[in-house]
Amino acid sequence: MTTVIDNDMLASILTDVRPLIGQGKVADYIPALAQVSGNKLAIAISTVDGHHFSAGDADERFSIQSISKVLSLVVAMNHYPEEEIWLRVGKDPSGQPFNSLLQLEIEQGKPRNPFINAGALVVCDMLQGRLSAPRMRMLEIVRQLCGIQDIAYDPVVARSEFEHSARNAAIAWLMKSFGNFHNDVATVLQNYFHYCALKMSCNELARAFLFLANQGRAPHIHHPIISPMQARQVNALMATSGMYQNAGEFAWRVGLPAKSGVGGGVVAIVPHEMAIAVWSPELDEAGNSLAGVAVLERLTQKIGRSVY
Ligand code: DON
């Protein structure tokens, strides 16, 4: 049985899930993230046929963190031929924590996929090689995608990440030793940390990611963001690698392409229908939003959607 989406239905899902708050842990490995209240809960949905729904703290901005890895890949797809991208980064799930170095050494500096840190750093290295101002370009694209001009980076989060960048720097230098990282490490790390420090609300994220549900087109933008085939490919990567080592568990429970970030946000796509953004800062052991995933699980059961 399926239920029609409206704001009340979304609010009732949040009420059902709220008791889970307290069972996860707000990310504390970056001090600026540890200061966010764990009590937040939000959902927003933008549909291909022009509707928008939301409930909870859906207007409040938070650090989108690794959700930005999808956007940097999309920008790279706009600037590099397919073969060049996939020569440097793979398309398979890693089954490892997002910041692991283990596989990278064994696999000679080629990251498993663009959504683990190593893969996103290679993508940022590519952007540094082709764009004159990669940080500004990302802001322009995100502002255009959600139609809102004051989207910005959180300088405190970006700085905090840079001050705790030992592991990401190690990843970048290891790739450099294998010849898979071409630009200055500190410059690329700064770009990567700024992308992670993008501040957006669930309402903005759902609007910004709608092109992935709509064959690469944002309804309000004249030119395609990416081709229908590329949108299908990005969704496939999200389905297999968007939730880190919990991709299988997430496919089982929710059944949609999705990407999470340690700020507690998750974006999920129902191809041809809608983009969904949820937010709850407390994370499970893999680094995915504990209550956010539960919200997606209830929603997909209620509306009867899954790609499987
Ligand atoms: O690289 C880092 O440590 C973070 N700025 C990004 C981490 C992130 O969101 C991974 N996701 N779950």
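Any Cβ shown, glycine's included, is placed from N, Cα and C.
Quick caveat, the model's predicted, so the values are computed rather than measured.
Annotated substrate-binding residues in TrEMBL are Ser66, Asn117, Glu161, Asn168, Tyr192, Tyr244, and among Val48, Val234, Val254, Val262 the one listed with them is Val262. The 10 Å shell around the Cβ of Asn117 (substrate binding site) contains 22 further Cβ atoms across the protein chains shown. Annotation for the binding-site residues Tyr192, Tyr244: lowest Cβ count within 10 Å of the residue's own Cβ, Tyr244. Taken residue by residue with DSSP, Val262 (substrate binding site) is part of neither helix nor strand, so it is coil. Residues Ser66, Asn117, Glu161, Asn168, Tyr192, Tyr244, Val262 are recorded as binding substrate; their most distant pair of Cα atoms lies 20 Å apart.
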